[in-house]
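J.: Quick one: the structure is below, questions incoming.
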Amino acid sequence: MASTKPLSRFWEWGKNIVCVGRNYADHVKEMRSTVLSEPVLFLKPSTAYAPEGSPVLMPAYCRNLHHEVELGVLLGRRGEAVPEAAAMDYVAGYALCLDMTARDVQDECKKKGLPWTLAKSFTSSCPVSAFVPKEKIPDPHALRLWLKVNGELRQEGKTSSMIFSIPYIISYVSKIITLEEGDLILTGTPKGVGAVKENDEIEAGIDGVVSMRFKVERSKY
């Protein structure tokens with residue numbers, strides 16, 4: 001049965017935001033981390049969504065907010081233990097996404113062996129572009145992502161540099177978390193992550209596909 005929910009408004013009804021960390025070797029190196037044999041996963045709540053036109057809110061407890069530009073994959077149907085060979089059949093489209101990160105908080109969490117929830121899952125920590133139908137991106141592993149802050153290029157990278165491919169990620173995640181229509185998977189960020197502050201303007205894009213702008217504001221809480 002076809003869904004009556006519009007994927008063009010996925011941020012209004014999608015349930016899960018599953019994020020993949022350490023999926024670009026150059027970013028792993030800049031973070032002084034280690035490439036692992038399996039994807040690093042963490043979650044964001046649906047209240048993390050910030051569609052274009054809304055601000056990126058810097059939590060009151062954060063003093064070092066970082067940008068991470070990523071390709072997001074939108075699921076078009078329910079999937080459980082999806083075979084890697086069939087994984088792309090579950091993709092409805094894509095979105096450009098930011099994984100906003102309270103880096104100072106994340107560093108403390110790492111030192112204490114704690115989850116990254118406070119650093120990664122706050123309100124508006126997942127700004128997203130308009131929905132891009134699957135047909136507009138024939139090869140999601142042949143894209144150039146970029147991000148600017150106040151007009152200065154900070155991040156750029158090619159999705160061909162992913163350590164784990166999109167089909168592998170979908171299959172891997174679906175064996176742990178049952179995926180639903182409208183769920184979003186963030187596929188990792190290339191090198192160049194860095195700090196933003198209140199009143200900064202973030203602009204990001206996928207060459208020839210989509211772009212978006214957000215302004216950073218300080219949250220009251």
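Please read every residue number as a count from 1 along the shown chain.
Just so you know, glycine gets a Cβ as well, placed from its N, Cα and C.
Note that the structure is predicted; figures quoted are calculated from it, not measured.
Feature table excerpt (Swiss-Prot):
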type	residues	note
TRANSIT	1-24	transit peptide
MOD_RES	SER37	phosphoserine
BINDING	GLU68, GLU70, ASP99	Mg(2+) binding site
MOD_RES	LYS110	N6-acetyllysine
MOD_RES	LYS112	N6-succinyllysine
J.: Please state whether DSSP places ASP99 (Mg(2+) binding site) in a helix, a strand or coil.
T.: coil
J.: Give me the DSSP three-state residue breakdown of the transit peptide (1-24), ordered helix, strand, coil.
T.: 7 helix, 6 strand, 11 coil
J.: Do you know offhand how many angstrom separate GLU70 (Mg(2+) binding site) and SER37 (phosphoserine) by C-alpha?
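T.: Cα-Cα distance, GLU70 (Mg(2+) binding site) to SER37 (phosphoserine): 21 Å.
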J.: Give me the CA-CA distance between LYS110 (N6-acetyllysine) and ASP99 (Mg(2+) binding site), in Å, as a whole number.
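T.: Rounded to a whole number, the Cα-Cα distance is 17 Å.
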J.: Given the recorded Mg(2+) site (GLU68, GLU70, ASP99), which additional residues of the same chain have their Cβ within 8 Å of the Cβ centre, ordered by sequence?
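T.: Neighbours within 8 Å of the Cβ centroid, excluding GLU68, GLU70, ASP99: CYS19, HIS67, VAL69, CYS97, LEU98, MET100, THR101, LEU186, GLY188, THR189, VAL193.
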J.: Given the modified residues LYS110, LYS112, and counting only Cβ atoms in the protein chains shown, which has the most within 10 Å of its Cβ?
T.: LYS110
J.: For LYS110 (N6-acetyllysine), what is the secondary structure state per DSSP, taken as helix, strand or coil?
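T.: DSSP call for LYS110 (N6-acetyllysine): helix.
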